[in-house]
Amino acid sequence: MPDCLRKTGIFIGALFVYASFTMVSPFYSKIAKDLGIETWLIGLVYSSCPAASLLTSFILQPFMQKFGRTKILLIAMFLQSLNMLIMSLVPFSNFGIAIFLSFLSRITAGCGSALFIISSYSILTSDYPEEISKMVALVEIVSGLGLIMGPIFGSAMYLIGGFTIACLIISVILALYIPFLYYCVGPSRPYILSNDHISMQKVAMKSKILLDIGMQLLAMFMIGYIVATTQLHLLKNGIEEQNSGYWFSINTMSYFSSSFIVSLFPQGANKPRQMLFGNFFMVLGLLFIGPCPFILPQELTYIGLGLSFIGLASGFVYVPSMPHMLEVAKYDYGYENDHRLNDAISGITNISLCVGEILGPIVAALLDMLVGYPMAATIVAGVVLGHAIMYMLLSDALIYKLVKVKIVSEKLSSELTLIQ
């Protein structure tokens, strides 16, 4: 199968999958509230998705080798379709059934997201090693576009036929895309294996990779944080329910933009410095989204700016992280070219994202109940600032060696060895 068609098939699949993620978030909180589900329980419902994804990530790697990455990718699309079908039934349920269906939908979505993210990243980074940074950036650009489309499509369908119709339409689209995805991607390519013993746990414990894991966790923590209580915050500030999806799209549009900007940076650019910039910018976004009661008035303009800043920051924090992990694994820690390394780092990435997504809604819901949304965002801003300072001191952000220099040095040493 031509590479361009193969890549396009995965990118379009990512577009649909990520659109299904954000189509639910602007509206579910209000629907759950109307059914009598309390805020803390809504936070648990949202957190059950990354919890399921987290558990799936730990056990997926041997199945990837046994069944092939293409089959895992197709199963992921089926689970996402099933998730939207289940979610469409929630508005018509009583309290108990609504809670059961909510958890079932989110758990199904979590399993599907783990399968899709890990298999797609593994395919793109292992089959196209010379384009790793570009592939990850393109996935995030397409994902960002999907995240933008989700709330906009959801808001449009909400006006036409309501929440259920929107869920059913995306469920059908995902199901119909499965055979086309198989046609584009084709059977899995054979694994390239080395003599290295590659353990996901040992790779994750390398100091530089561990710092990047913290950045990935931060990026998804902020997404989970925003999803859980920001809709209710917007409603309190005068935004109508049917328009909340458009406000969420401010965040996703900004993420799309920053992902595109990062994709333009050269392969040897200072990735730790990009992540550090995003970390500091995220602090600013949190101070605005509250807005911080000590320095800003309670106005929608500042909330919109906060959503935008956090979206921009997330792209700079997340997009360079996985390519940098693969770089340091090979050039700093001596791992050979092995598709199991790609599987391991794809799994590590999904695990760190899941942990962040689990913590985000829980922290958001608890702090919102204890101190209110503006003060909660201010407290989180202080914690994120502390993380930025720690990363600046411990990482290579200020003394980064260009990857090109490492590659040239590696080639020269190998040529000298041959001459000798």
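Using the three backbone atoms N, Cα and C, a Cβ is placed for every residue, glycine included.
Annotations in TrEMBL come from automatic prediction, not curation.
Marked as domain 'Major facilitator superfamily (MFS) profile' by TrEMBL: 6-398. Residues or ranges marked as transmembrane segment by TrEMBL: 9-28, 40-60, 72-92, 98-124, 136-153, 159-185, 209-234, 246-265, 277-296, 302-320, 341-367, 373-394.
Beyond the transmembrane segment (159-185), the same-chain residues lying 6 or more positions past its ends with a Cβ under 8 Å from any Cβ of the stretch are 1, 5-6, 8-10, 12-13, 16-17, 19-20, 23-24, 27, 31, 70, 73-74, 77-78, 80-85, 87-89, 91-92, 123, 153, 242. Of the candidate ranges 40-60, 98-124, 246-265, 341-367, 341-367 has the most C-beta pairs within less than 8 angstroms of the transmembrane segment (209-234). Here the listed stretches are 98-124, 136-153, 341-367, and the one with the most C-beta pairs under 8 angstroms to the transmembrane segment (302-320) is 136-153. Sequence-distant neighbours of the transmembrane segment (246-265) (same chain, 6+ residues past either end, Cβ-Cβ under 8 Å): 22, 25-26, 133-134, 137-138, 140-141, 143-145, 147-148, 150-152, 155, 226, 230-231, 234, 239, 274, 278, 303-304, 307-316, 319-320. With respect to Cβ pairs under 8 Å, the transmembrane segment (341-367) is most closely packed against 40-60, considering the stretches 40-60, 136-153, 277-296, 373-394.
The stretch in 9-28, 98-124, 277-296, 373-394 that contributes the largest number of Cβ pairs under 8 Å to the transmembrane segment (72-92) is 98-124. Under 8 Å from some Cβ of the transmembrane segment (277-296) lie the Cβ atoms of residues 215, 218-219, 222, 226, 230, 258, 302-303, 305-318, 373-378, 380-381, 384-385, 387-388, 391, all in the same chain and six or more residues away from its ends.
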